[in-house]
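Reading through the structure tokens given below for one structure.
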Amino acid sequence: MDMGFHENEQNQEFANLMEIGSGHYGCSHYRRRCKIRAPCCDEIFDCRHCHNEAKDSLHIEQHHRHELPRHEVSKVICSLCETEQDVQQNCSNCGVCMGKYFCSKCKFFDDDLSKKQYHCDECGICRTGGEENFFHCKRCRCCYSKIMEDKHQCVEGAMHHNCPVCFEYLFDSTRDITVLRCGHTMHLECTKDMGLHNRYTCPVCSKSICDMSNLWKKLDEEVAAYPMPKMYENKMVWILCNDCGSNTNVRFHLIAHKCSSCGSYNTRQTQRGSDSHSCSSGMPQVVGSTG
């Protein structure tokens, strides 16, 4: 009975330490009960993102800009008792849990378990969304949803570059990322912003980022409804299709040029036709970017 009582008491004490201050400390990036000492500049910050916003922004002189090396963090400060100590999940002084999720490899703390954090050894960092829902693509060198397994277009180091819209580095971004049909990646929010501005092609390779068949049908109707003047009706131009990569020779039209191979209007003119009267004959045209 006594042993059971003491065991229950210990369990209750552990539960209390897990909850004391939970959700009340941290920053705009993470809820956590500790701060970190940056190994690069020896200053104290709530998290690595807070450090990078302060030390790697445009208002800092370029030769002073730097990012925090997350794996080199060795000291943390408990937010409740302010004790500085080696990296560990529970405070060495007051015993409070400094993060319900703790990764000793990334020196990472987070009290919000709803993110379903997990550490990927192949990525070398912690990710969110639940390990059971993701797989690591060795060629793309990042974690993707299992829905995409054996279904995505591989691109070497797909997320090891900046977003082509906002230029934030994608690999360790905390914002949602989408994989386009061509295999290139960008922030989901940036993709939606492109849609608001009627931009439906990949900023990297110019391929269509969604099913454009309905728009192509409308363009078929538009082209049929507006025949070219007699001086242009026999004019032929060479076009390159951004979607399938084919070079085809098609009839010139002011509205759009349709790929003879795949039927896409996401094309651009690559060579002057036989008739030089048109001022637009040498201009590139990407109809897929209009909506």
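Cβ atoms here come from the backbone N, Cα and C positions, even for glycine.
Listed in Swiss-Prot for this protein:
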type    : residues                       : note
ZN_FING : 20-96                          : zinc finger
BINDING : CYS27, HIS29, CYS47, CYS50     : Zn(2+) 1 binding site
BINDING : CYS40, CYS41, HIS51, HIS66     : Zn(2+) 2 binding site
ZN_FING : 98-162                         : zinc finger
BINDING : CYS103, CYS106, HIS119, CYS126 : Zn(2+) 4 binding site
BINDING : CYS120, CYS123, HIS136, CYS143 : Zn(2+) 5 binding site
BINDING : CYS137, CYS140, HIS152, CYS154 : Zn(2+) 6 binding site
ZN_FING : 163-206                        : zinc finger
MOD_RES : SER173                         : phosphoserine
MOD_RES : THR178                         : phosphothreonine
MOD_RES : SER208                         : phosphoserine
REGION  : 271-291                        : region 'Disordered'
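HIS29 (Zn(2+) 1 binding site) and HIS51 (Zn(2+) 2 binding site) have their C-alpha atoms 11 Å apart, to the nearest angstrom.
Neighbours of the Zn(2+) 1 site: apart from CYS27, HIS29, CYS47, CYS50, residues of the same chain with C-beta atoms within 8 angstroms of the site's C-beta centroid are GLY26, SER28, TYR30, PHE45, ASP46, ARG48, HIS49. Each of the modified residues THR178, SER208 was scored by the number of other CB atoms within 10 Å of its CB, and the largest score is that of SER208. It is 29 Å from the Cα atom of CYS103 (Zn(2+) 4 binding site) to that of CYS154 (Zn(2+) 6 binding site). Cβ proximity to the Zn(2+) 2 site centre (mean Cβ of CYS40, CYS41, HIS51, HIS66, cutoff 8 Å) flags the following additional same-chain residues: ALA38, PRO39, GLU43, LYS55, ASP56, GLU67, LEU68. Looking at CYS123, CYS140, CYS143, the binding-site residues in this record, the fewest other C-beta atoms within 10 angstroms of the C-beta turn up around CYS123. DSSP assigns CYS137 (Zn(2+) 6 binding site) to a strand.
Recorded residues CYS123 (Zn(2+) 5 binding site) and CYS137 (Zn(2+) 6 binding site) have their alpha carbons 10 Å apart, per Cα-Cα distance. CYS126 (Zn(2+) 4 binding site) falls within a strand segment according to DSSP. Other than CYS103, CYS106, HIS119, CYS126, the residues of this chain whose Cβ falls within 8 Å of the Cβ centroid of the Zn(2+) 4 site are, in sequence order, LYS105, PHE108, GLN117, TYR118, ILE125. Cβ proximity to the Zn(2+) 5 site centre (mean Cβ of CYS120, CYS123, HIS136, CYS143, cutoff 8 Å) flags the following additional same-chain residues: ASP121, GLU122, ILE125, ARG127, PHE134, CYS142.
Within 10 Å of the C-beta of CYS103 (Zn(2+) 4 binding site) there are 18 other C-beta atoms, taking all protein chains into account. Residues ARG139, CYS142, TYR144, MET148, GLN153, VAL155, ALA158, VAL179, GLY183 surround the recorded Zn(2+) 6 site, their Cβ atoms falling within 8 Å of the Cβ centroid of CYS137, CYS140, HIS152, CYS154, which are themselves excluded.
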